[in-house]
Structure formats: C-alpha cells, structure tokens
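Annotated domain 'tRNA methyltransferase TRMD/TRM10-type' per TrEMBL: 21-239, in sequence order. The S-adenosyl-L-methionine binding site annotation in TrEMBL covers GLY127, VAL147, GLY148, ASP149, PHE150, VAL151, LEU152.
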Amino acid sequence: MSDGATGAGAATEGAEAWTATVLTLFPEVFPGPLGISLAGKGLERGLWRLEALDIRDFARDKHRSVDDTPLGGGAGMVMRPDVVDRALESVAGRPGPVVYLSPRGRVLTQDVVRELAAEPGLTLLCGRYEGVDERVLEARGVQELSVGDFVLSGGEVAAMLALDAIVRLLPGVMGNEASETDESFERGLLEYPQYTRPADWQGRPVPEVLLSGHHERIRQWRREQAERITEARRPDLWARYVAEKTPKQNDQATKDDE
Ligand SMILES: C[S@@+](CC[C@H](N)C(=O)[O-])C[C@H]1O[C@@H](n2cnc3c(N)ncnc32)[C@H](O)[C@@H]1O
C-alpha cells in the first residue's frame, strides 16, 4: 500500500473498527508484514483499519523538505516542527492517543500492548534521522513509545512491531488460533515448551505427560515448566510473579521484620 487506507471492508457491525494511523516518510512500507496472516486477514475483514500518511505531503517549500540541521551543531538532521505539526493537525480527532516511536519512550511491554488495544485506535508518528524537533512533541502533548533499548534507523519497524502485538489482541483477530491467555507474559510467566508430532523425533521423545490425555496433569506440568523457564531466564519477571503470587505471605514477613 502507498498512502491510503486498508481494512475498510466488512467493518464489525455496530462498532467502529480499531483504527491505526501512521505518519511516516515511507508510507509505501505499510502494511508490510501486517498485511499477512492473522493481522492481514483481520485487516481484510475490517476488524481493524490502517492508514499510512506521507509526512512529506505536509511540506510547503518547492523541495518538499521535511528536515533541517540540528541547532547547536552535531551530526545528522532533525525533522522540522512545522511539517510534523501540520501532519499531526491533519489527523487530530482520530480515535485514540498519539505516540511518537522513540528510544526515549515508555518501553512497550505486554501490559502496554493490552492498554493500547483497549483504546479505540492509535496514531503512530515515525521518526527518521536524529528524530523530531522537541517543541512539536511538547506542543501536541505526544507520548513517546520505545520498542526496546536499542536504536533503529526509523520508526516504521517499531510501529509495525507495536501494531502487530496490539492487533492480535483485538476481538476476532485471533479466531481459533492459540489462546493468548496461555502465552508468554499473559500470566506474568514465559511460555512452557511446545511440541507437535511425531511423538519421538530423532530419538527425542516428548514428555510422557503430554500423551497421557490427563488434562489436569498436563496443565500442572505446563505451569511448572513455565515457572522453571521464567525463573531461569527472567529473574525480573520471576521476582514480580513471586511477589504477586504470595502477597499475603510477603505482607506477613514485612510485619514480622518490623
Ligand atoms: C536513528 S533514530 C533517532 C535516535 C535519536 N537520535 C536518539 O538517540 O534517541 C531515528 C528514529 O527511529 C525511531 N526509533 C529508533 N529506535 C527506536 C526504538 N528503540 N523504539 C522506537 N522507535 C525507535 C524513532 O522514531 C527515531 O526518531
């Protein structure tokens, strides 16, 4: 898709579809991976909408320039406040908050993904070069959202990443695919190991319990595995999980210490 909307098909009756508006210098890269599989089918079925707008369309000079050198010196270029402001003004009033994808932002986690999926939509401003002039972010009260502690060359991949995670939580998008309630982060744990046929592959049998047909034992085994993996790989998640699992015991321990 170049700039323009997708997903305007059979919108969910009686409700406006969740709407993503992307402001970017490269609208042609959307929907990209969001146009395939679950997200793509959801887009086709009108379960969500995506519109990518070209920030350059809001430039006014004959060269359609969107950037300028940093005041105070330094490397690279900065996206101009007047151009970004006009782009933001053109989408003011669209559903949901406006976020600027930025390594300085609030870090995207599954909790943040759930929060954004509960909004009616989202406007995503993608930076390039050294980023966007600070004043337009302040003037427009734009929140910043980071996809991790690393620097990408532009906000487009970050916007796709956030949208992919959000869209799969929208009603109807997952269909009968794996329930999100069992997945990593949904219960504060990483996921248990998954297996499929054959039951023995290259002399590696799957754990016996999975062939037992005993649902309660399987549930218990999966929970133990999820706990084991989380404790080993993510001490940060594990500490939070343990604290939330045993709040009463922890309260008592604190009282005993006093
Ligand atoms: C080269 S980066 C600019 C980095 C900026 N000079 C800094 O040091 O914070 C260009 C654009 O990529 C996007 N970007 C880079 N890393 C990101 C991240 N971790 N999360 C979200 N967006 C990111 C932002 O939109 C940013 O404006």
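Cβ atoms are placed via backbone N, Cα and C, with glycine included.
Sparsest Cβ environment among the binding-site residues GLY127, GLY148 (other Cβ atoms counted within 10 Å): GLY148. Over the domain 'tRNA methyltransferase TRMD/TRM10-type' (21-239) the predicted model carries a mean pLDDT of 96. Take the CB of VAL151 (S-adenosyl-L-methionine binding site) and look out to 10 A: across all protein chains shown you find 8 other CB atoms. The Cβ of LEU152 (S-adenosyl-L-methionine binding site) has 17 neighbouring Cβ atoms from other residues within 10 Å, across all protein chains displayed.
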